[in-house]
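Below you'll find the structure, written out as structure tokens, and then a few comments.
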Amino acid sequence: MALSPLERPSTDRPEATAEDAGESARPVAAGGPRHPRRRPAAAAVVVVVAGLLAVLVLALVVGGGTPSPPPGGLPDAGALTGWGLPVADLAVRVLAVLTVGQLLLPAVLAPLGSGASSRSLRGASWTATGWLVAELVVLVLTVSTIYGVPVWRLSTQSVLAVLTALPVGRAALGVTVLLLPVVAGSAALARRPAHRARAAAGTLLVAACGVVLVPAVLAGHSAAAGNHVPAVLALSVHILAASLWVGGLAAVLLHGRGRSGRVDTVRRFSALALGCVLLLLLSGVASALLVAGSPSWSWAGEGWVHLLVVKSVLLAALVLLGAQHRRATLPALAAGRPGAFVRLGAVEVALMAATIAVSVALGTSPSPTSPPGPDSGAVGSAASQDADPGAGGGTSGETGADTLQDDGDPGTADDPGAGDEPVGARPSDEPLVEDMSGHDHGDLSVTVLVDDERFHVTATVRPGQRVTVYNSSDAAATLTADGPAGGVSAFDVDVPARTFVTFEAPDQEGDYAFVSRPGGAEVDGFADTLLVRADP
């Protein structure tokens, strides 16, 4: 980032006024370079990007969010998707923060008609464009994660199926719809400032903030928490406050050139930043408690908690820097000495960027959980059940199941002729019991995973909770269960090949053993137990 123009304000009043109006008033020496600072600025960008990636990788290692081969031969999207998704998510967050901040400057902070407003709007159009591209990359990588296949094996039909039928896909469409007017509107305002430019910039700012909040509602730990509404509300306030604070400071440093109006702009931002910091701290504590529950000594070794401590330390350092701004640098800025403000602001932005990288790793890492008791967690079932030729086939309609069928094959099937056959039984008589807790295909939490060998129950569910089933194999299966005491069927759901199905868990607590009967005959090796608990 080219911050040096703030350090050397012009002492020539007419020249400063021209700069504030967005005009280039400084003469260029004959034969000299037209953009002498472009090369150092590019080098600074490279250093910043490399530093962010280093912090992200380190945070992923500490938090346990690094990609690893899935257990038991589960579908694997590969290293490109595993590492690319958090990197793309980091790009989305950084570009989103910059866009929000550069719209905040003309909408609220900068004087009307100032050159800073025009420069900020031009910057917002570029960062919003990059934000849109990064969101599309995240979408493709998320689809790759959901299907468990590399990006190059995805088909157009598989991407469209996610876009039209899954919450993560609908969220991506919403992001695109909201971002397009932000890109076009900011570019148009920068070229031809309108009479009501502040109101127009405010409208674009509201749209950008709406885009920022979409993932908070549909994804992440808060969206999957049991107390969904308060957790999402706390996270939304947290994200919005951080975006306005970090983005606003970055915009002031990037575009606040020229003495005219600069002090007023910084004072307005300082008042806004104080409110954002208070909301950020309160919502952060609330969000952590709502997601992870009451603190416990068992958290001491959790990577998620280590990242939370690092983020808290960074936020404390930022609060101290903000206090130093109010005590020393703002009076110096008012006296015409902006150097201290710029230097301290640059350090503050660097710490903010590191905090964003830690936040990305925090969202990827598993949150702390209580030690499993004898009645909690996934249960490996006995394999090699006897077939029951007289058992009736299940239909998804009996349990109100919702089905998403992938019309396109995301990859090359190992056995093209197996599409209409029941899933094959495991050759071993012993069950394969693995800790599948927290297995998550992108933004879609999968409770029951079906592969070519068996069922995988990933978590205990609550009565009446929506249960998501993903059949990653090329053969049909069912989830057929009797009630805890036998008799009436608890659930009976068809799960076609390569399909997502959701259904409601039984209303009563219990251990619901289920089998697969795709053709009316029970398939050996496909049996497991869904645990339904009021407090999983």
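Think of each number as a place in line: the chain as shown, counted from 1.
Note that Cβ sites are derived from N, Cα and C of the backbone, with glycine treated the same way.
Model, not experiment: these values are computed from the prediction.
Here is what TrEMBL records for this protein:
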REGION    1-36  region 'Disordered'
TRANSMEM  41-62  transmembrane segment
TRANSMEM  90-112  transmembrane segment
TRANSMEM  124-148  transmembrane segment
TRANSMEM  168-190  transmembrane segment
TRANSMEM  202-225  transmembrane segment
TRANSMEM  231-254  transmembrane segment
DOMAIN    265-362  domain 'Copper resistance protein D'
TRANSMEM  266-292  transmembrane segment
TRANSMEM  304-323  transmembrane segment
TRANSMEM  344-362  transmembrane segment
REGION    364-441  region 'Disordered'
COMPBIAS  410-420  compositional bias 'Low complexity'
Positions on the same chain near the transmembrane segment (41-62), where near means CB under 8 A and six or more residues out: 1-2, 86-87, 90, 94, 303, 306-307, 310, 350, 353-354, 356-358, 360-362, 364-365
Result, the transmembrane segment (90-112) in contact with the transmembrane segment (266-292) (3+ CB pairs under 8 Å): yes
Residues of the parent chain within Cβ reach of the transmembrane segment (124-148), under 8 Å, 6 or more residues beyond its termini: 70, 74-78, 81, 84-85, 88-89, 91-92, 95-96, 98-99, 102-103, 154, 158-159, 162-163, 166, 168-169, 172, 175-176, 179-180, 182-183, 186-187, 190, 204, 208, 211, 406, 410-411, 441-444, 470, 472, 498
Number of helical, extended and coil residues in the domain 'Copper resistance protein D' (265-362), per DSSP: 89 helix, 0 strand, 9 coil
Winner by Cβ pairs under 8 Å against the transmembrane segment (231-254), considering only 90-112, 168-190, 304-323, 344-362: 90-112
CB contact flag for the transmembrane segment (344-362) and the transmembrane segment (168-190), at least three pairs under 8 A: no
Intrachain neighbours beyond the transmembrane segment (90-112), with Cβ under 8 angstroms and 6 or more residues off its ends: 52-53, 56, 118, 120-121, 123-124, 127-128, 130-131, 134-135, 137-138, 182, 186, 189, 197-198, 201-202, 204-205, 208-209, 211-212, 242-244, 246-252, 254-256, 260-261, 264-265, 268-269, 272, 353, 356-357, 359-360
For the transmembrane segment (168-190), distant same-chain residues with Cβ under 8 A (at least six beyond the ends): 99, 102-103, 106, 118, 121-122, 124-125, 128-129, 131-132, 135-136, 138-139, 142-143, 146, 161-162, 197, 200-201, 203-204, 207-208, 210-211, 214-215, 217-219, 442-444
